[in-house]
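**Q** Mind having a look at this structure? Questions to follow.
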Amino acid sequence: MFYSPTHCGLVFYNMKSMEPLLIFSLWTLIHCLDFVKAATLSIHPSRSVFFYYETMTLSCAVPGSFSSWTVKRNTSTRSSVSCETWGQLNGSSCTIKGVYPSDSGVYWCESDSGECSNTINIRVATGVILQGPAVPLTEGDSVTLNCSYKEKYAKESTSNFNAEFYRNGAFIGNKSEGRFTFIHVSKENEGFYKCEHPTKGESPEIWLEVTARAPSTTAPPPLMSLPRLAYTIFLFILFTGILILYISMHQKFTQGPTAPPAAETEAKMRESDRL
């Protein structure tokens, strides 16, 4: 899902005190220009499969947002549940200390007005797991898939064994230290991966996603999109109009009474002399 822009409200004040409206309009002009930026969910450690009782933290990054964001999730038992009921909330981040299979599910960031970020699929398992990135890679990135084993109540996991790796069910290699590294990934590396321990079985599959790198271009990018340009012009006209109105009203309230014309004053003096 995509992040949709929040809208900026207008507040009206008494005409004798235009300063709050002037300041608010300037603030709107400066800050509303970031309305097209999207929220992004990230996870630490950056992987999609966790052992029992590990700690993970999910964070919402929302540059230029006016809304409050929180982490939500769908699991096998409940849907659209906010962090407060299953984790420790800290601003726009949520931490689970001691994950369990019931924490397996889909996670995302959501704003007060219903806008949503990217999603991350999390799985909690025991035995053999394959640790890979939780978010898509870009062509040219490097990544290491780590095959690990841990008993349910053990304190530490191990990768010090001879692991076999598979992509889309086909054997792709055997590594003595349980790690399979791609120096520069491409779309050809995209697929479902799993690993196998010599005696403890195989891991659940994980999805490795690779996105195409944006092509380079010699032409300079446009300084501003058409909708954003129109929005900027509107805010500039609004701010300019309010500024002119403020100056006009300020002069009206500060200028003293207008002096009578010289001819009228002289006529009054002559009439006084005749009397």
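Just so it is clear, glycine is given a Cβ too, placed from its N, Cα and C backbone atoms.
In TrEMBL, annotation is done automatically, which means it is predicted and not curated.
What TrEMBL records for this protein is below:
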{"type": "COMPBIAS", "residues": "265-275", "note": "compositional bias 'Basic and acidic residues'"}
{"type": "DOMAIN", "residues": "45-125", "note": "domain 'Immunoglobulin'"}
{"type": "DOMAIN", "residues": "132-211", "note": "domain 'Immunoglobulin'"}
{"type": "REGION", "residues": "256-275", "note": "region 'Disordered'"}
{"type": "TRANSMEM", "residues": "229-247", "note": "transmembrane segment"}
**Q** For the domain 'Immunoglobulin' (132-211), what are the DSSP-based totals of helix, strand and coil residues?
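**A** Per-class counts: 3 helix, 40 strand, 37 coil.
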**Q** Which residue counts does DSSP give the domain 'Immunoglobulin' (45-125) for helix, strand and coil?
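**A** Summed by class, the stretch gives 6 helix, 44 strand, 31 coil.
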